[in-house]
């Protein structure tokens, strides 16, 4: 009998579990017949009752009785309301009942309320009877039974939502004549609904009644699932009902009350002193974004249907979110978690379209399913420690067996991962975001996914603890590893899917997957620093992605288009909205000076500091992919013509206000990140303390702006603003700003080292000249203010880079000068070719910067300091393998910046399509940041002594530097030869630029005093000479409107000053004595031969001939010969062009005569860098063996010229003899046909090579 007594109850319990599962499946199969579904579901729910009585105990018996009471009331409501609907419709088929929400809104609402209440969900919390029964199963060790019950609940959720959607939310598919309804059905339904509300809000009387009926003498044996709600939750939650009620009376009053309630909610969070750091961080985030959501919704929802319902659920969702983060025990945590899912479901399906309902179904089932799994973990916690309190679990977690702990942590992880959107629980996210109102799409991405992140941090890291998670592992694989892997997979999956997405909101949704994947991967590292970084990006992403969705919503609202391609040129008619969208895009790509850069930098650094470089690499790969699709949208908005409706204009005021607030937050977070860093640092300290580690000290992530960079940056913004009303004054202001920036560099000279200070002066000085030239070059162009501003921001980045004292500021300015601002300048012409080439440049720079970023992060992590001056000393104490890969990556990024091989530099030859002043500046100045960085970081990283440890030395020179020199040497030959065969006006000069950069990089990499001096001298010479050539080319293009050399000819007569300056600069660059280029090239030749690099020296000399050939080709084709029609229409360049060209020419001539003007400062720079300085005087010869004396050589040339000049004047008086061209008897040749064009000079050998390779043997080609 004892055996029977102990087994029969369990048999009853298992019978109930099986009854429940198969009953729910049967109910699902009964669709679409509503009565059958309700009957089968009601019978299935009796399985819970059988489980409860079979399990017994206080929880089981009490739960069974409560379930009978609750189900009786709530199912009575469903039956009464459903009876009314069926009788009036005349059918019980869901196909006929579809659309009842519109035909019979009150009855359908009562029906839906009853169905959700049966599930345990409603605005009034719902019942927890079934959870008592599941708790009894877990408490007694019957985990399998609890799992069966959970699976049955998930199955039930499927048909519940399907029925609710069809009856309450779908639009009617056909017209139905309504019959009279049962007389007493609606009063009964109303009364039962009221009872449902009461027993849901106050469940304790029902619980005590059940305890009394089953004879529970000690109520403490029944777990308390809920505790009173705090005011932070009640104010927005109850306020939602108030807003709904006011909306029934007045729309305007409702909007005002809604905004007031949202602001009050934020204020309550701000001034609540009881919040712990984690709670405060997320509560502030959720309340603030929700407040912005309400402001945005005022105009966005103004003309939409069901707007009252929208505000009701929006505030309930806000209250639920705040409840999730402010509660301190798992009972309320689960209640709020379910309410968060339920309320957001109604916001997703708000428009009630088929797509929205399908998305809502998937969203609800996935998130509710994850929550049910999480609930098992919550019940396991109570069964183990006897409490739902977070603090109790934290105190007793070490007493939990590893297998049980793994089950608990795993259940929580599933719930959090699905809500976060991690693969494979991600399917809801890209479906729900596009169909939801845009006012909700933003919070879906910015807030709901972050609830999952909160759960991981709060429950897994702070309550359970990193140490306990390590103990709760299977096969040596912990949840941290799973989180890292899923994060990386989600990141790459999201980026790749976004890359190929053509619909804007879906693209943003997939991007959200990528971003939460980043956060999860970094969070999985498990260190306090990684937690800080992940949380900082959590807050930043919430703001950035909400802005992107809100701007997208404005585009769709005004234009009616959702496809990216259909939004072409919309930035022209919605400049503020599109500008904020572009700002958020740049920020979310991790570019300065915005908040996304700060958090992205900290994440990469945290990964490097933990030794997880592979995670950092995955993040950077994802970032490169993100650049493609984000800039595609920005380019479409601003750099394509607008062909849409004429009446499209900016978004309404409340939407613009919300977008502007978010944009300001992004800028503020980038310039002053200390507020956010302080919030997240406190959470990191808690993680450290929970793991028993010392708190981590966050590095300073505030960019230090020198005065010159500040002037250039602020001035660029002012120029853009002025340019909206007057392009003439915008150009003048742009020139003046850079002149002031030049003066500011002089004033702050003490903050620069000599190398960087001189470079900064050149940056600003040449910037003044090129900006002056641009005012004439773009005199008849469009969007001049935008171009001047972008140009100025790029220069601000260059100036800031030279003054940087720490790695964070250095890389911030590096990215500022070579990313979005430069892209905007390059694509200024807005042609397809310009957009293509600008994109290539942006992508190429991003790849190079990614190598450098990873390398710098690894260097800083190894050295333990961000101070550039202190890194070298710190690295000397470390083993070579600790820093060698990092330094190689840094130098790889620098070499790529200089456009060296093996990168296909012909693929990168995009600045040709940019306005010529910026093309010249890129070639003359910006690309010099590569060689400058090599020299500066070479010395800062410890010089030859440290670098030689990477691969050893060859002839006393570090192997790494020899490799760089060899790459430069090959580039010199390749680019020089390619320049000779070009026909494009600017393409020839750009290849020549890469060739000359090779000279600079090769010389600097030699590391000898003479090599460094020659490299630095050529650094300046090329800057002056190549800029002169580009500005002359720009003057030619403006005068002739030509882009190819073959379109020109005979311009020398029309533009003599331009011709003279071009020829002088070109010959100097080729190294013709006694011009300036000769001095620097001679020193490079000699340095290469002296250091034993004979092949490099020979390559440099050969390529000088290539340069001479290219210059003469250009000069002959453009300025000599028979004038073409375009040449005849040309005229000399205006003064705004001639003056900059003249200043550059005079400077290069003076340097050619007196090279000591450069060599003396260069010697001082070498001494400051710790190198042996060259012997240089102001008027002395060139350094080296038996150095040339350019001054004397110049005097000799002048004397010879003076002697020859009288003879030349005699010939000039004799006149020029014109003879006819010998045409070999052909009399119908046009003059143009007899002209030797550029294509005929130094033709590419491609055709000849192909001919040799494909030539057939003599005869018939057959072999014997």
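The backbone N, Cα and C atoms fix where each Cβ goes, glycine too.
Listed in TrEMBL:
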DOMAIN    12-154  domain 'NADH:quinone oxidoreductase/Mrp antiporter transmembrane'
TRANSMEM  38-59  transmembrane segment
TRANSMEM  144-163  transmembrane segment
TRANSMEM  184-204  transmembrane segment
TRANSMEM  310-327  transmembrane segment
DOMAIN    332-625  domain 'NADH:quinone oxidoreductase/Mrp antiporter transmembrane'
TRANSMEM  333-349  transmembrane segment
TRANSMEM  403-423  transmembrane segment
TRANSMEM  573-595  transmembrane segment
TRANSMEM  615-639  transmembrane segment
TRANSMEM  651-672  transmembrane segment
TRANSMEM  692-722  transmembrane segment
DOMAIN    804-1107  domain 'NADH:quinone oxidoreductase/Mrp antiporter transmembrane'
TRANSMEM  1096-1115  transmembrane segment
TRANSMEM  1135-1164  transmembrane segment
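Long-range contacts of the transmembrane segment (184-204) within its own chain (CB-CB distance under 8 A, at least 6 residues past either end) are made by residues 66, 69-70, 73-74, 76-77, 80-81, 83-84, 87, 106-107, 110-111, 113-114, 117, 122, 124-128, 226.
Nonlocal intrachain contacts for the transmembrane segment (403-423), taken as residues 6+ away from its ends with a CB within less than 8 angstroms of a stretch CB, comprise 143, 337, 341, 366-367, 369-371, 373-378, 380-381, 384, 397, 429, 448-449, 451-453, 455-456, 459-460, 464, 468-469, 471-474, 479, 482-483, 486-487, 489-490, 493, 512-513, 516-517, 520.
For the domain 'NADH:quinone oxidoreductase/Mrp antiporter transmembrane' (12-154), DSSP puts the residue distribution at 119 helix, 2 strand, 22 coil. In terms of C-beta pairs under 8 Å, the stretch of 651-672, 692-722, 1135-1164 lying closest in packing to the transmembrane segment (573-595) is 651-672. Taking Cβ pairs closer than 8 Å, the transmembrane segment (1135-1164) reaches residues 754, 758, 766, 769-770, 772-773, 775-777, 1012-1013, 1016-1017, 1020-1021, 1024-1025, 1027-1028, 1031-1032, 1034-1035, 1038, 1057-1058, 1061, 1064-1065, 1068, 1074-1079, 1173-1180, 1182-1183, 1190-1191, 1194 in its own chain, all 6 or more past its ends.
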